[in-house]
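Record features, source TrEMBL:
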DOMAIN    37-454  domain 'Major facilitator superfamily (MFS) profile'
TRANSMEM  38-57  transmembrane segment
TRANSMEM  77-97  transmembrane segment
TRANSMEM  104-120  transmembrane segment
TRANSMEM  126-148  transmembrane segment
TRANSMEM  160-183  transmembrane segment
TRANSMEM  189-210  transmembrane segment
TRANSMEM  246-263  transmembrane segment
TRANSMEM  283-306  transmembrane segment
TRANSMEM  313-331  transmembrane segment
TRANSMEM  337-359  transmembrane segment
TRANSMEM  380-397  transmembrane segment
TRANSMEM  432-449  transmembrane segment
REGION    464-491  region 'Disordered'
Amino acid sequence: MTQGGKKKKRAANRSIMLAKKIIIKDGGTPQGIGSPSVYHAVIVIFLEFFAWGLLTAPTLVVLHETFPKHTFLMNGLIQGVKGLLSFLSAPLIGALSDVWGRKSFLLLTVFFTCAPIPLMKISPWWYFAVISVSGVFAVTFSVVFAYVADITQEHERSMAYGLVSATFAASLVTSPAIGAYLGRVYGDSLVVVLATAIALLDICFILVAVPESLPEKMRPASWGAPISWEQADPFASLKKVGQDSIVLLICITVFLSYLPEAGQYSSFFLYLRQIMGFSSESVAAFIAVLGILSIIAQTIVLSLLMRSIGNKNTILLGLGFQILQLAWYGFGSEPWMMWAAGAVAAMSSITFPAVSALVSRTADADQQGVVQGMITGIRGLCNGLGPALYGFIFYIFHVELNELPMPESPSGGSVVTQYHLQQNSIIPGPPFLFGACSVLLALLVALFIPEHTNLTVRSSNWKKHCGSHGHPHSPQAPGEAKEPLLQDTNV
């Protein structure tokens, strides 16, 4: 792209943003409180995931009570179906929100994502069935990022996206501990009622307070014609993976390292509760500590490492920590080992932001979106495959319980006896060892990624359907923030 073409593109973007601001100022948006802002999006995200975070401990108990003989297998299937449906539906919902507006899809995704909550006490079977099917709408982050892109300029989006992701992390750091405490003191029924009330509050907030970010005058005149079905294709980004050898190496590294990470997210807290004998409070404390350490690792530590040892070496270091963490989880047989491995897990969280930084530094300005779109697509696919794979490995190695967790001791911790050690005394967690082997392959592949190169992926077809609306299923423009490290499907 010539220098003159880039200037014209920037001028066009500024004109579109100015038109949006004029329309909003003239009252072209539907009802809501104030003008559309990042804070509207932040509140929506916080309330939704705070409600789900409250149910962390009750869900683990209900899951084991409902599927006592195949707990891990069913958990993997439920989360796997949810992840795959999310991956398949996310681009289509993003494309439709460009035509019908963001507010209606915020309402739709939050409503259907939170619909299973009251079913936990009504019918556990329906609860888990609706959770898996709700994956079709479990893309609130996607619509929220589209909302933010509508109301911010390019140079503002990194900070805005970071605020949304930090809000997500903050809700999950606090809510599991609150839910575990309330469940222990007042019973799980109160926790379910409270989570349902918070979900309803979120829905009411969207209906009453959230203004539409995509003004009527900025929307296409026709509903059907503007939707690009190539843009709605979830596999569109994956089809371009083989067009450049360096891109192929990066994508293989992401796939091999994120596949076990996605599986671990879906089953690890259940593993702590049922196999390692953690109490509900201990699981909540583990989530809080791990979340805080991960935030520190992804900010302060990552910045220091990038400056001192370089981008590629930071990726290799993160993969090395991930191998150590997974191996420790796999062979660990005592609670203190889980806590130690959790500290290592926080350090392994630097891998993906380092990969994103490598892409942003080495890809040409007009190639950024294409490569980031590929990585986003691969991570979305892993969110479906990883949980199902982990559940299947737990199943074939017979890692199950035939009884409920042991009663808690007066000190607050579980009475850990031989009931969780007799089944797999040598390898308590086989899926984690499989994950360590997968990340080892990722490390070997990453060794061949050059530190400095130019990524040249053909993106002309991609750009045709990107449009002027920057939602996260369109490839991101240069300088725009990358996909958030925490996603809906991991909850």
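Each Cβ is built from the backbone N, Cα and C atoms, and glycine gets one as well.
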Q) Do the transmembrane segment (38-57) and the transmembrane segment (246-263) share at least 3 Cβ pairs under 8 Å, sequence separation 6 or more? A) no
Q | Cβ contacts under 8 Å made by the transmembrane segment (246-263) with residues that lie 6+ beyond its boundaries | A | 76, 83, 240, 315, 319, 322, 326, 351-352, 355, 358-359, 362, 371, 374-375, 378-379, 381-383, 385-387, 389-391, 431-432, 434-436, 438-439, 441-442, 445-446, 448-450, 453, 455, 457, 489-490
Q. Which residues, given as numbers and ranges, are at least 6 beyond the ends of the transmembrane segment (104-120) yet have a Cβ under 8 Å from it?
A. 44, 48, 51-52, 55, 58-59, 62, 93, 96-97, 126-128, 130-131, 134, 136-140, 143-144, 147, 188, 192, 195-196, 199, 202-203, 206-207, 210, 488
Q) How about the transmembrane segment (160-183) and the transmembrane segment (283-306): at least 3 CB pairs under 8 Å, pairs 6 or more apart in sequence, or not? A) yes
**Q.** Top Cβ-contact partner of the transmembrane segment (380-397) among 189-210, 313-331, 337-359, 432-449 (pairs under 8 Å)
**A.** 432-449
Q. Given the transmembrane segment (432-449), which of the listed stretches 189-210, 283-306, 313-331, 337-359 has the most Cβ pairs that are under 8 Å apart from it?
A. 313-331
**Q.** For the transmembrane segment (313-331), sequence-distant contacts whose Cβ falls under 8 Å of one of its Cβ atoms, 6 or more beyond its ends
**A.** 253, 257, 260-261, 264, 268, 302, 305-306, 337-338, 340-342, 344-345, 347-351, 354-355, 358, 427-433, 435-436, 439-440, 442-443, 446-447, 449
Q: Give, as a single whole number between 0 and 100, the mean pLDDT over the domain 'Major facilitator superfamily (MFS) profile' (37-454).
A: 80
